[in-house]
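J.: After the structure tokens below, expect a handful of questions from me.
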Amino acid sequence: RESFIHLCNPHLEKMKEDILYHFALGTGTHDFPALFGDVKFVCVGGSASRMKSFTAYIAEELGLGSPGDDYPNICAGTDRYAMYKVGPVLAVSHGMGIPSISIMLHELIKLLHHAKCSNITLIRIGTSGGIGLEPGSVVITRQSVDATFKPQFEQVILGKSVIRSTNLDDQLAKELMQCSKEINQFNTVIGNTMCTLDFYEGQGRLDGAICLYNEEEKLQYLKEAYDSGVRNIEMESSVFAAMCNLSGVKGAVVCVTLLNRLEGDQISSSHDVLVEYQQRPQKLVGYFIKKRLGKV
């Protein structure tokens, strides 16, 4: 059964044209069904270069490209986000933090709706700080929690606080976990992900420009997070989960941990090690897509 994007905005029906400003795309200037109508998998990540490398990787994995092939940036008319497409896979950068990914998701969800896409799987692939995990472990998010460990995203709309659910698709998480077992290349867990508004104080680091708490207080907080089920920390998953839920899209968050925050705050691994770590979510999601398409 086909499942289409649900838009929670009746005002869009009255618009003659919808300009997706931050993508440099618009329904009056682009044929969305022709450009994007065959998309089934959308992968988003913070870095534009990482999403381009993911596109090249998935193209080879699906037999749709060769080493050295170039993939044009569909959003070349703007420097806000980058977008690449190969076959049924769309890859989009989202920048850093809730405000940046929120803007991107508003326009991405509208794009998928205008393109009449159905049965979309939306996956965030990225990096994170781990809690109680060896660096290089991959965390598949069960639910995103805020800095007080509550599974919710709070946003002020028209001066009022609105609370939205941040649970992610349980079956999709289990499917990804099974894929990791089949790959059997790195440690993978399903756990809660804490989404914060900041990289430094918001995540209890001691190495920011401002820090008015001590190491004991920091460790106590991180251990409380671990005891509540949190296994990693990043800055985008809460609004990602909330918007997937409101739009009827099956979503997942797959992030590699670059360090164990119980042992330090600074990322000290070598460049080559970090590059290999960052490829792990790509490998897992790439295998998942191949399996869904019957190419494993």
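Sequential numbering from 1, following the chain as shown.
Placed from the backbone N, Cα and C atoms, the Cβ positions cover glycine too.
When I checked TrEMBL for this same protein, it listed these features:
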BINDING   Arg80, Arg124, Ile125, Gly126, Thr127  phosphate binding site
BINDING   Gln203, Arg205  substrate binding site
DOMAIN    40-289  domain 'Nucleoside phosphorylase'
J.: Restricting to the chain of Arg205 (substrate binding site) and a gap of 6 or more, list residues whose Cβ falls under 8 Å of its Cβ, or answer none.
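T.: Listed in sequence order: Phe199, Cys211, Lys218, Asp265.
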J.: Given that the record lists Arg80, Arg124, Ile125, Gly126, Thr127 as binding phosphate, what is the largest C-alpha to C-alpha distance among them, in Å?
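T.: Answer in Å: the longest Cα-Cα distance is 20.
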J.: Which residues, sitting 6 or more apart from Thr127 (phosphate binding site) on the same chain, put a CB under 8 Å from its CB?
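T.: The answer is Gly46, Glu234, Cys255, Val256, Thr257, Leu258, Tyr277, Gln278.
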J.: Given the binding-site residues Arg80, Arg124, which one has the fewest other C-beta atoms within 10 angstroms of its C-beta?
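T.: Result for the binding-site residues Arg80, Arg124: minimum number of other Cβ atoms within 10 Å at Arg80.
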